[in-house]
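K.L.:
Sending over a structure as structure tokens; questions will come in a sec.
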Amino acid sequence: MIKQKTLKHVVKTTGVGLHTGKKVTLTMRPASANDGIIYRRVDLNPVVEFFADPESVRDTQLCTCLVNENNIRISTIEHLNSALAAFGIDNVIIEVDAPEVPIMDGSASPFIFLLLNSGIKELNAPKKFLKLKETIRVQKDDKWAELSPYDGFRLDFSIDFKHPAIHENTQSYGFDFSAQTFILELSRARTFGFIKDIEYLQSKGLCLGGSFDCAIVMDDYRVLNEDGLRFEDEFVRHKMLDAIGDLFICGHNIIGAFSAFKSGHALNNQLLKAVLENQSAWEYVTFEHEEAPILFGHSLEMCFVR
């Protein structure tokens with residue numbers, strides 16, 4: 001039987017909030033079977049909980065943000081969510097003492113490191129996968145995203161940026177998802193932005209934690225980071241990383257194929273909602289005897305071996 005997973009031990013780290021620029025402490029705790037992914041704002045009294053759910057995503061302006069009925073929010077969850085998806089973590093309690101998850105280095109790699117330090121624990125309950133039975137597509141202008149049936153989890157993503165630092169032959173990427181492929185091929189890809197946009201947002205009191213330490217920063221001609229890019233196609237890889245985190249808001253690993261062109265947080269969330277609203281397009285499946293078509297967290301020590 002493929003079982004649900006949680007953390008083996010409590011893990012903690014600190015970082016900077018992208019939007020506030022203030023120190024954030026992040027703590028992840030094990031949870032019981034069927035608890036799901038729970039975010040907590042422990043800086044508030046009483047503590048406010050957010051359950052990972054696509055209907056709770058009400059702000060996708062600069063990140064993916066969960067907002068409750070009292071307009072209390074927790075922001076920038078997508079990179080951590082993508083790391084949870086990589087290891088198939090079904091149940092976890094995530095605590096922050098701020099309105100946002102720390103941005104860390106702008107990728108999912110620090111969260112992967114935390115999860116590896118914690119270890120993964122199986123729970124005595126079957127893991128539920130969300131399996132696509134029909135193709136669902138959403139579109140806005142020339143941007144689109146779709147999920148379709150596939151025996152595994154396949155992702156194909158294309159971007160279309162007109163910038164000297166983003167070459168035409170580095171704007172598409174695709175791969176079959178597993179913990180190992182995510183760690184090796186996607187987890188280190190960082191978020192990116194333009195120096196003029198960051199300076200403008202900071203003048204308005206936004207993006208106060210934005211810096212060269214947590215993003216690829218460009219001017220009109222080049223990448224400004226001294227160390228350059230981690231991958232030649234780091235931009236599209238990061239957009240795919242974002243999509244994995246956005247889709248995992250449903251709390252279940254997906255069995256299907258995700259394809260997208262110029263999609264972002266808003267369209268990713270719109271697609272997930274469209275799938276869930278069309279109940280004939282998907283089903284929950286468990287694997288009692290046969291192996292699941294996707295590998296999650298098996299032989300974690302192999303994840304850094306090329």
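Easy rule for this one: first residue shown is 1, then count along the chain.
Glycine is treated like the rest: Cβ placed from N, Cα and C.
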K.L.:
Return the residue out of His19, His79, His163 that Swiss-Prot annotates for the same Zn(2+) site as His238, Asp242.
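P.N.:
Site partner of His238, Asp242 for Zn(2+), according to Swiss-Prot: His79.
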K.L.:
Using DSSP and three states only, what is His79 (Zn(2+) binding site)?
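P.N.:
For His79 (Zn(2+) binding site) - judged by DSSP and reduced to three states - the answer is helix.
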K.L.:
Which residue among the recorded positions His238, His265 has the fewest other Cβ atoms within 10 Å of its Cβ, if you could check?
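P.N.:
The recorded positions His238, His265 were compared, and His265 has the fewest Cβ atoms within 10 Å.
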K.L.:
What residue among the binding-site residues His79, Asp242 has the most other CB atoms lying within 10 A of its CB?
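P.N.:
When each Cβ's neighbours within 10 Å are tallied, His79 leads.
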K.L.:
Which residues, in sequence order, are found in the same chain with Cβ within 8 Å of the centroid defined by the Cβ atoms of His79, His238, Asp242 at the Zn(2+) site, excluding those residues themselves?
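P.N.:
Result: Glu78, Ser82, Gly106, Ser107, Ala108, Ala189, Arg190, Thr191, Lys239, Met240, Leu241, Gly245.
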